[in-house]
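As recorded in TrEMBL:
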SIGNAL    1-18  signal peptide
DOMAIN    4-203  domain 'CWH43-like N-terminal'
TRANSMEM  53-74  transmembrane segment
TRANSMEM  86-107  transmembrane segment
TRANSMEM  113-132  transmembrane segment
TRANSMEM  153-173  transmembrane segment
TRANSMEM  185-205  transmembrane segment
Amino acid sequence: MWAWALLPVILAVGGTAGIWAVYGVAVSNESVNLTAGFPYISACGAYYPQSCWFSQICNVSSFLIIWIVVIRYQQVRDLGYQCRRTNLAALVLGSISSIGISILGNFQQSVSLGIHLFGAFLAFIVGLVYFWMQLWLTYKAEPSQDRHWLGPLRAVLCSLCTVFLIAMVVLHNTGSKSPAAMCEWALVMTFFLLFASFAAEFRLIECHQLTVHKQIGAKKKQQPDHRREP
């Protein structure tokens, strides 16, 4: 069912448009001063009214991300169990990363810097580990017809994310705030491209559903034995 391929595309396009809209509002109402330097994404969404939009964009993105993470987990699981440990670890890390996005969006740096940075750590650091795992699964899971181009693409994007993340931290700690902010924007844009790459695999999904199975063995164990002794 090719329609599932629209889910990661919607996340990438909607998230990108959303944070740039927040940037536009912040510049228009002079919440950020471009003459002082290029602003961080968090600085653009730190003050009213764009802070409300920033929180909502992060919440919606967090919901879509965890949905994508679960679908990808089920897809790899249904293709075979040879990667089940890595696949399960990716599910956990992807879910944690999505929670981090919600945290950094709802706890702006102007309100609670410590919690905001903690959310950023979960979103970016844990999220980067998640995508490196997905790169490994691209090659180790059941063969895919798109592996010949999707694997190298993810390798390049994951490498760029790693470079942007390290550069952002180093530049920020050395006082180069504008270059660090540019690296942050580039990092987020690359993250959205990585999520969009799931469209190649999701277009092959015929259906997606969550099922609940009864624990038959446990149920039988709990039932009393009504047989009479002879």
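Glycine residues also receive a Cβ, built from the backbone N, Cα and C atoms like all the rest.
Note that TrEMBL annotation is computational and uncurated.
Same-chain residues lying 6 or more positions outside the transmembrane segment (53-74) and placing a CB less than 8 Å from one of its CB atoms are 4, 7-8, 10-11, 14-15, 18-19, 21-22, 25, 44-45, 87-88, 90-91, 94-95, 97-99, 101-102, 104-106, 108, 130, 134, 195, 198, 201-202, 205, 208. Averaged over the domain 'CWH43-like N-terminal' (4-203), the predicted model has a pLDDT of 91.
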